[in-house]
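Copied over from TrEMBL:
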type	residues	note
COMPBIAS	1-10	compositional bias 'Polar residues'
DOMAIN	31-413	domain 'Major facilitator superfamily (MFS) profile'
REGION	1-22	region 'Disordered'
TRANSMEM	32-53	transmembrane segment
TRANSMEM	73-95	transmembrane segment
TRANSMEM	102-126	transmembrane segment
TRANSMEM	132-153	transmembrane segment
TRANSMEM	160-180	transmembrane segment
TRANSMEM	192-212	transmembrane segment
TRANSMEM	233-254	transmembrane segment
TRANSMEM	298-317	transmembrane segment
TRANSMEM	323-346	transmembrane segment
TRANSMEM	358-385	transmembrane segment
TRANSMEM	391-410	transmembrane segment
Amino acid sequence: MSLVQPSDSSPEPADEKPKVEYGDFPEGGIRAWLVILGAYCVSFSTFGYMNAYGVYQEYYSSHFLSHESPSSISWIGSIQVFFLYAGGLVGGPLFDRYGVKVIYVPALAAIVSVMMTSLCTEYYQFILAQGLLGGLASGILFAPAMTCVSHYFRRRRGVALGLTVTGSSTGGVIFPIALTRMLKYRSLGFGWSVRIVGFIILVTMTVAVLTLKERLPPRRGAVLLPSAFTQRAYILTTAGIFFMTWGLFTPFFYLPQYALQQGMGHDLADYMPAILNAASAFGRVVPGLAADKVGPFNTMLVEGTCTGVLLLCWLAIRSNAAIIIFAALYGFFSGGIVSLMSPCFARITPHMNQFGTYLGMAMAVLAVAGLTGTPICGAMVQSYGGYSECAIFSGVAMLFGSLLVAWARLDIQAGLWQKV
């Protein structure tokens, strides 16, 4: 059996629009909502946990890794983001072929990663336990969870996936607040604070394993489908979200430190990740509802443009009130980018039993943006002593990505007022 093949059927011309086939979708029912619950738990424990890295970044800077530069410390989180995306190249195709059983091992690995992080004291240990193992386990989990939800919803897919990825926002609120509070208690210290987080993830992973279940029959044939990269819409969508991802995570990593630099109190600055993620919860459901009405690409274009403008506005933000308002607005608009990624790729996937592979291959490309974006910004902060340069870099990348998404949307359907 070959690893790759041009397609599952006869090859299509590169400029031919994919003909999407859906079949019948339940659009609800107990089984479908249990799948959403399981995928929500995966999102909570992967993206949600990763969204708390701003707390880790600040703690490492003042404790274990005080001798390291901000850029070096940010590599821990960036490696985690990289493998969160790159793991989709493994998890997506394997889910299409073997179903939900592929999540069992990475679910266990995600728990082990957090527990091992609680024992770390050296830079290389954090890289291996939190960055490499945690990121890879999360990546192999995330793509199957998103694909599983798409097996049950077509007409309501936007809101279904929006509800699913609110798990990452919920986790992004709970984990930073919990870690911030626990790290202040000497009786707990770093070790037990992180272990308690690990026990929370143990519960959510158990729920996910028990509730996730595929609906469609497995796909046969090649593991990967490189013919996807002959479709212009797929290339443009992947490239557009690549540049969006390049700028997306900058405030999640650096806003607490920026707030401290502007004179905000330490206690209030610690809540910046929580504010970002609380607003992001609404920003993932509302765009999902809009996507079901006007289409995922149209909605993604609005979200990306607004997020890019906000990143450029970061240059003018100085007061505590302005920083808090920025965090809330950025959380809302950036949340839609994460929630709409899967519906956009589902829109251009020819057959739903190929969706895991299409999504996984794209996520592997996006992984490079996740790996390099925040270290580039960290290097800018270190070189220039401020945050203006990384705000400009992130904002321009976000707006350029939005432009490519607009091109992909026009390639799919030229009419400006069409649902795409």
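Glycine is treated like the rest: Cβ placed from N, Cα and C.
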At an 8 Å Cβ cut-off, counting only pairs 6 or more apart in sequence, do the transmembrane segment (233-254) and the transmembrane segment (298-317) clear the bar of 3 or more pairs? yes
Take the transmembrane segment (391-410) and find every residue of the same chain, 6 or more past its ends, with a Cβ under 8 Å from one of its Cβ atoms. 232-233, 236-237, 239-248, 250, 295, 297-298, 300-301, 304-305, 307-312, 314-315, 344, 373, 376-377, 380, 420
Cβ-based contact of the transmembrane segment (192-212) with the transmembrane segment (323-346), 3 or more pairs under 8 Å: no
Considering pairs 6 or more residues apart, do the transmembrane segment (160-180) and the transmembrane segment (358-385) have at least three CB pairs under 8 Å? no
Intrachain residues whose Cβ lies under 8 Å of the transmembrane segment (298-317), provided they are six or more past its termini: 158, 240, 244, 247-248, 250-251, 262, 283, 287, 290-291, 323, 326, 329-330, 333-334, 336-337, 340-341, 344, 387-388, 391-392, 394-399, 401-402, 405-406, 409, 419-420
